[in-house]
Amino acid sequence: MITIKTTEEINLLREGGWRLAEILAEVARLVKPGVTGKELDMLAEKLIREGGDVPSFLNYRSRGKGVAYPASLCVSVNDQVVHGLPTGTQIIKAGDVVSLDLGLIHQGLFLDSALTLGVGKIDTIAQKLIGTTRESLSIGIAHVVAGKHVGDIGYAIERFIKPHGFGIVRELAGHGVGYEVHEDPYIPNYGKRGAGAELKKGMVVAIEPMINEGGDEIFLDKDGFTYRTRDGKRSAHFEHTVLITDGEPEILTQA
Ligand code: MG
Ligand code: MG
């Protein structure tokens, strides 16, 4: 079911989104050679709880899954696309492409955001992958406008990415958010213009292109959480929680 948030809820989402943006930026500053996923996760959880909020991914069970996610942050390195498990043995090194995905619950309302960064000196393909994925998020968000349809977002992202020759992950998608980690509508990063649900003022959605250096195919690692590229090439991910207004889209998860 697609939900419309009230004015009060929207104000709380703005507050929560601002907090999430600040925390994600602070965690990103800790990403350096030698840091572990576990350290990044611990910092993210600490900062969320210090603000009186709750990590939304911790203990989250996705549909059809028996095992709850055991961390607050997802740390996905190189060929890990999303949902990478931050552990003490996951050691970040120079040249890595690192995606951080974080969600929190502020006053009962859910926010979700992700970013990808290069560690130290990264090669030009990695730079292009990260830059193009970041730009594809902005291009998708430009279509998060009342009266447009879910398919318009994916269409815009796909049209932008295709000429670069990168793979668009098709098995995972953006989503409604606010009352839960994942709500309707399901928002693929490809699509047809005018297709799918109509976007309405007061809807809150997470837009999140996941773009691969190589092919679009992914698989679930044997850890049961981490998605990896089939061809072992790298992947990037950017995400914002966005409010549909009666004018320009409002990005909630930016400082
Ligand atoms: Mg996310
Ligand atoms: Mg999301």
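A Cβ is built for glycine as well, from the same backbone N, Cα and C atoms used for every other residue.
Per TrEMBL, domain 'Peptidase M24' is recorded for 13-246.
Taken from TrEMBL, the feature substrate binding site covers His83, His182. The secondary structure of His83 (substrate binding site), as reduced to three states from DSSP, is coil rather than helix or strand.
Shown in sequence order, Leu20, Ser56, Asp101, Leu102, Gly103, Val177, Val181, Ala206, Glu208, Glu239, Thr241, Thr253 are the residues of the chain, 6+ apart in sequence, with a C-beta less than 8 angstroms from the C-beta of Asp112 (divalent metal cation 1 binding site). Reduced to three states, the DSSP call for Asp112 (divalent metal cation 1 binding site) is strand. The annotation divalent metal cation 1 binding site is assigned in TrEMBL to Asp101, Asp112, Glu239.
Residues or ranges marked as divalent metal cation 2 binding site in TrEMBL: Asp112, His175, Glu208, Glu239. Long-range Cβ neighbours of His175 (divalent metal cation 2 binding site) (same chain, at least 6 residues apart, Cβ-Cβ under 8 Å): His182, Glu183, Asp184, Pro185, Tyr186, Ile187, Val205, Ala206.
A Cβ distance below 6 Å to any atom of ligand 1 is met, among the binding-site residues His83, Asp112, His175, His182, by Asp112.
The C-beta environment of His83 (substrate binding site), restricted to residues of the same chain at least 6 apart in sequence and closer than 8 Å, consists of Tyr69, Cys74, Ser76, Asp101, Phe225, Thr226, Tyr227. In the vicinity of ligand 2, defined as a Cβ distance under 6 Å, the following of the binding-site residues His83, Asp101, His182, Glu208 are placed: Glu208. When the binding-site residues Asp101, Glu208, Glu239 are compared by the number of other CB atoms within 10 angstroms of each CB, Asp101 has the fewest.
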